[in-house]
Amino acid sequence: MSTNRENVPSFEFQPDDFLLAKNRDLGVDQVYPARSYWSDVISAFIKNKGAVIALVAIILIITFAIIGPYMNGYTYNGQIIANQNLAPRIPVLETWGVFDGTEHMSTSTGMTVVNKYVNPNKTTGLESTYYWFGTDVLGRDLFTRTFMGTRISLYIALVAVIVDLCFGMSYGLISGYYGGAVDNVMQRFAEILNGIPTLVIVTLLMLVLKPGLGTITLALAITGWIGMNRIARAQVLKLKEQEFVLASKTLGAGDFYVIFKEILPNIFGQLIIMSMFSIPNAIFTEAFLAFIGLGVPAPLASLGSLISDAFKSFTTHPYMIISPVLVLGAIMLSFNMLADGLRDAFDPKMKEI
Amino acid sequence: MKRYVAKRLCISLATLLAILFILFLMLELMPGSPFNDEKLTQSQVALLNDKYGLDQPVYYRFIQYVKHMVTGDFGVSYTISKNTSITTLLASRLPVSIRIGGQAVLLGTVIGLFLGLLAALKHNTIFDTLTTVVSVLGVSLPSYVFALALSYSLGYRVHWFPLLYQQEAAMKSSVLPTISLAMFTVATVARFTRTEMLEVLGSDYMLLAESKGLPEWRLILVHGLKNALIPIITVLAPLVVSLMTGSLVVEKIFSIPGIGSLLVTAIQSNDYNVIVTLAFIYSAMYIGIMLFVDILYGIIDPRIRLAKEGNYEH
């Protein structure tokens, strides 16, 4: 076969044969811009529409909680008995037929529309009065009260994070790092405390102490840290056998130095995100306590106590309950979605926890 | 396995005893006494204290109390309905609460499983989005928001269901409370089923089962759902907690004569015995379910059992 050279067809190389077949301009050494950890995180977060909306909502709520109570002339505890049970009325929107101070009342003769601000037959003295969210049974401005209540919910959110990060985290770190008998005792204690429903602990505590913001804070401090303790402990167990810990120990570092300076910085980000998840829970606990009458004392308002008060007349004046319920729902929803988004952005692997 | 169960049982019992002790101590520290009536003279109060054994030392009363609890004698109510034994109070109320709670769990699990399955099978479609929205709302909003919304719209506006619980129309008036309590269950179960099912559907053994030519229903229900269900057991504990707290508020909104509303009344009228009993019952239910979940999980998934036993051996 190899001797039969005459039959080989003549063949000539063309310039095209030395080029790449299809992708003539395939960039072999194309350099892409480096993506840092943070730009990855931010782009992953921005892609998550729900989380971005939640973040905007939280910023809005915080802004309103700060300036809301000063936006109109009313105070949260100022009662104007003459102006009780007024429906919401907002300046510009009233010309469109919504929030014009009318409410539907069901009477024995059927539904009637009542407007306590403007009455064509007589002067009510309220023609130029505007209550954006209406007033309650004592004639207090619900707009101001709602956002005073929002402050309490946000304060509770802050408490939840601080309890998690100060107490729960340290407890879990120490327990996981020392291991052995220390770990056993500490985790048994946490287990027993965890075995008691939060509901029981909180209600009993509220009974022993005076109901109020201080007591609610204490109740959250007692019950709020157990989940974070577990997460922190699990993370330490993963890290404590690694070489950098051994290296630090070899160099003579003390236990607390290793725990808080060597191990903690590696897991702090994850722990902060996990602590976000305890916020909705804490806010819910406060609102729940307020609803069963163990919340902040009057005339202070929290969203829970506003809902509880408005519940008594919610079939006749449903507008009273709508604003606190909406704000509470928005807070819970936003924190949940923000926490979800942050977790996914920072560490997609954490989804399983 | 026996060793593991025995250990779990011991921890649960220790927890229960600790709870009894804490409950007892906290009530000792409580301000006021059940005999706050100003008309009572000093000697009358002393007589009453003697009658109810409140003048005995703390440890003695505690031991007595544990003894009574073990035998199911919860004592008498001081203020809510004087001298009625708490067992009688509970006898009429516990079934109502358990019934509504049970209905909520059942309804929530069925709907949650259905939604989660639908979302996983029709991944990235409108069903999936809908399920995500439902589960985010259900987890985020407290059950009383649903209760209020339902009782205003379906109860007050269109009169489909009674606003308040009626003993004679128990079925019809338990519909709205059941739905409000079930929302959290729906949300949690749907979320977990979706995640687990997606993972299972992408696994190799599902590919194998499919290539063996199994019918689709068998593929999804027997090979898929059965494996996806195991981790769902872990969400049982938060579900129980949410039902407990939810029941207090929801029972108040619909004025249901259950143990949740009894606890609220007892708190407001300082009825020691009723509070302690109910707190104990709530805790016992919670501990019982946690124990059940742990053991069940050990039976279903040997990896967990072995890992846990290894942990305790150290």
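One is the number of the first residue shown, and numbering goes on along the chain from there.
Each residue, glycine too, has its Cβ placed from N, Cα and C.
Automated prediction, rather than curation, is the source of TrEMBL annotations.
As the structure is a computational prediction, the values presented were derived from the model and not from experiment.
For B:94-293, the entry in TrEMBL reads domain 'ABC transmembrane type-1'.
Sequence annotations record features per position, and here TrEMBL assigns transmembrane segment to B:9-27 (among others). Cβ atoms under 8 Å from those of the transmembrane segment (B:9-27) belong to residues 58, 61-62, 65-66, 69, 272, 275-276, 279-280, 283-284, 287-288, 290-291 of the same chain, restricted to positions at least 6 beyond its ends.
Within its own chain, the transmembrane segment (B:100-121) is flanked in space by residues 127-128, 130-132, 134-135, 174, 177-179, 181-194, 197-198, 201, 220, 225, 239, 243, 247, 250-251, 256, 258, which lie at least six positions past its ends and keep a Cβ under 8 Å from the stretch. Look at TrEMBL and you will find B:100-121 (among others) tagged as transmembrane segment.
Within its own chain, the transmembrane segment (B:133-154) has Cβ neighbours under 8 Å at 115, 160-161, 163, 176-177, 179-181, 183-184, 186-188, 190-191, 194, 242, 246, 249-250, 253-254, counting only residues six or more beyond its boundaries. Look at TrEMBL and you will find B:133-154 (among others) tagged as transmembrane segment.
Residues or ranges marked as transmembrane segment in TrEMBL: B:174-193 (among others).
Annotation source TrEMBL lists transmembrane segment at B:228-254 (among others).
Taken from TrEMBL, the feature transmembrane segment covers B:274-300 (among others).
Listed as Cβ neighbours of the transmembrane segment (B:274-300) (distance under 8 Å, sequence separation of 6 or more from its ends, same chain) are residues 1, 4-5, 8-9, 12, 15-16, 19-20, 23-24, 27, 65, 69, 74-75, 77-78, 80, 86, 89-90, 230, 233-234, 236-237, 240-241, 244, 259, 262-263, 266-267, 308.
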